[in-house]
Amino acid sequence: MSLTGFIGLGNMGGHMARNLIKNGKKLIVYDVNKAVVQEFKAEGCEVAAHPADIAAASKEIITVLPSSPHVKAVYQGEAGIFKTIQPGTLCMDSSTIDQIVSLEVAQAAALLKAEYIDAPISGGVTGAQQATLTFMVGAGNDATFKRAEAVLSLMGKNIVNLGAVGNGTAAKICNNMLLGIQMVAVAETMNLGISMGLDAKALAGIVNTSSGRCWSSDTYNPVPGVIENIPSCRGYAGGFGTTLMAKDLSLAQNASTNTQAPTPMGSLAHQIYRILARDPQYQAKDFGVVYQFLKKQNS
């Protein structure tokens, strides 16, 4: 059986990789966290010492990495994928990064007669666990999209073809900016209502059956006790961290500057999450902890 390469076994990537295993894929994996790598080795996966080892062993590679510098290092570093990549290899990158980096890596892959597509994801840790993720794919052509879809559909349920390489990243940046704005809005709405004497569950129920309904309210409410089995009910542990949200909002602000498209609400959300990402109380917490931050501002 041919090997599928998987690089990045964190909160999202780990679950995604396991869904590939459940669907019969044989993996060769790499992550800087050696303890996690050993877990996958115990589950029957082959282990690579460097990303280059994965490229030498596989013509189908998935990467899920934290930021643009990580993507550059994994693909173009001294022991990176491009050192040993085989012609015809398809690289599917589900990282959330600057659009320009996606385009640069794609161009470098093409020079090596390989393909790089951006396929960022939405759906959170739960979506990664349950294989219900949405993939926003910039594949460049239909043939490449169909090849990628056969793999991505094992990890998600909505595989969306957005056309040119870079478009997936653009869509993800826009989506996550909206998510950050929504979470701040839901947190301040809940804080205001509770401060006015409303029961948290009752207020959430009204919002979720009215025009204010959104994912941050009806699925991922930041107030502890409103929804079970999400980070706000376990001290904001796990989930999508404040540092990652600050990073994604920074990407949106970079795009806003480059395109001269105004994003005033995105800018405000970015300022708030930059504060949280720098504060030891909040920096290791899920981004819903913005509710606790706002609550502490009550006079």
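Here the Cβ of each residue, glycine as well, is placed from N, Cα and C on the backbone.
Remember, it's a predicted structure, so these values are computed and weren't measured experimentally.
Copied from Swiss-Prot, the annotated features are:
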ACT_SITE  Lys172  active site
BINDING   2-30, Thr96, Lys247  NAD(+) binding site
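Overlay of Swiss-Prot annotations on the structure.
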residue: Ser2; record: NAD(+) binding site; Cβ within 10 Å: 9
residue: Phe6; record: NAD(+) binding site; Cβ within 10 Å: 29
residue: Gly10; record: NAD(+) binding site; Cβ within 10 Å: 17
residue: Gly14; record: NAD(+) binding site; Cβ within 10 Å: 22
residue: Arg18; record: NAD(+) binding site; Cβ within 10 Å: 21
residue: Lys22; record: NAD(+) binding site; Cβ within 10 Å: 11
residue: Lys26; record: NAD(+) binding site; Cβ within 10 Å: 14
residue: Tyr30; record: NAD(+) binding site; Cβ within 10 Å: 24
residue: Lys172; record: active site; Cβ within 10 Å: 28
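Across the structure, Arg18 (NAD(+) binding site) and Lys172 (active site) are spaced 23 Å apart at their Cα atoms. Cα of Phe6 (NAD(+) binding site) to Cα of the residue listed as 'active site': a span of 21 Å. Rounded to a whole value, the Cα-Cα separation of Lys22 (NAD(+) binding site) and Lys172 (active site) is 27 Å. Geometry remark: Lys26 (NAD(+) binding site) versus Lys172 (active site), CA distance 29 Å. Note: the CA-CA distance between Tyr30 (NAD(+) binding site) and the residue listed as 'active site' rounds to 24 Å. In three-state terms derived from DSSP, Tyr30 (NAD(+) binding site) belongs to an extended strand segment. Recorded residues Ser2 (NAD(+) binding site) and the residue listed as 'active site' have their alpha carbons 31 Å apart, per Cα-Cα distance. Under the DSSP three-state reduction, Gly10 (NAD(+) binding site) is assigned to coil, being neither helix nor strand. Distance between Cα atoms for the residue listed as 'active site' and Gly10 (NAD(+) binding site): 19 Å, as a whole number.
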